[in-house]
Amino acid sequence: MSDFRQDFIRFALDKQVLKFGEFITKAGRKSPYFFNAGLFNDGLSTLNLSRFYAKSIQQSGIQFDMLFGPAYKGIILAAAAGMALAEQGRNVPFAYNRKEAKDHGEGGTLVGAPLKGKVLIIDDVISAGTSVRESVELIRAAGAEPAGVAIALDRMERGQGELSAVQEVAQQHGLPVVAIATLKDLLGFLENSPELAAHLDAVRAYRAQYGVDD
């Protein structure tokens with residue numbers, strides 16, 4: 001496991017974004033862990049998160065010209081990732097959408113730089129894939145090309161069929177999806193963290209029941 005992925009998991013635990021216990025997912029499954037990126041909710045944690053996104057994006061090798069953040073969580077994530085990339089010497093434009101169109105000021109649903117070239121979508125997780133699908137439609141309608149999707153965590157679990165939500169997005173839209181960390185990374189972290197050993201069997205069992213191959 002790359003050091004930055006291990007660092008990200010530790011960071012998420014420290015911020016209580018990642019928790020262990022018994023949780024019910026949207027799909028009604030009993031999960032031994034819970035990830036809530038909305039708890040990266042202060043300046044310093046958002047700055048650190050943005051640097052993890054930038055590292056993951058650069059390591060992925062995905063070619064892109066700009067960033068797009070789907071409303072609402074993706075808005076701050078795209079802006080922050082753009083700042084972190086600039087900090088590392090890669091300055092790219094970013095844009096985001098509104099849920100409701102404005103009929104005054106700049107109008108419309110899109111805000112920020114014009115959508116041009118290859119556009120990388122930034123979001124926290126992929127659940128049903130609705131946000132990505134809407135983003136792809138917006139990007140293509142503007143005459144630009146979706147380049148891929150960058151997320152914080154890939155749970156690597158099946159949706160309604162045999163594929164995970166991430167795999168479904170990759171297959172349906174022909175896009176690469178890069179995650180800062182995955183369930184596989186989380187298991188590796190637990191295996192090397194004696195203080196968290198009590199949670200390892202539950203996470204392994206969850207992956208055995210609902211997991212997909214990477």
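Positions of Cβ are set from backbone N, Cα and C atoms, glycine also.
Lys73 (5-phospho-alpha-D-ribose 1-diphosphate binding site) falls within a helix when secondary structure is assigned with DSSP. For Lys26, 72-73, 98-99, Lys102, His104, 123-131, the entry in Swiss-Prot reads 5-phospho-alpha-D-ribose 1-diphosphate binding site.
Summarising the annotation, Swiss-Prot assigns orotate binding site to Phe34, Phe35, Ser127, Arg155. Following the DSSP three-state reduction, the secondary structure of Ser127 (orotate binding site) is coil.
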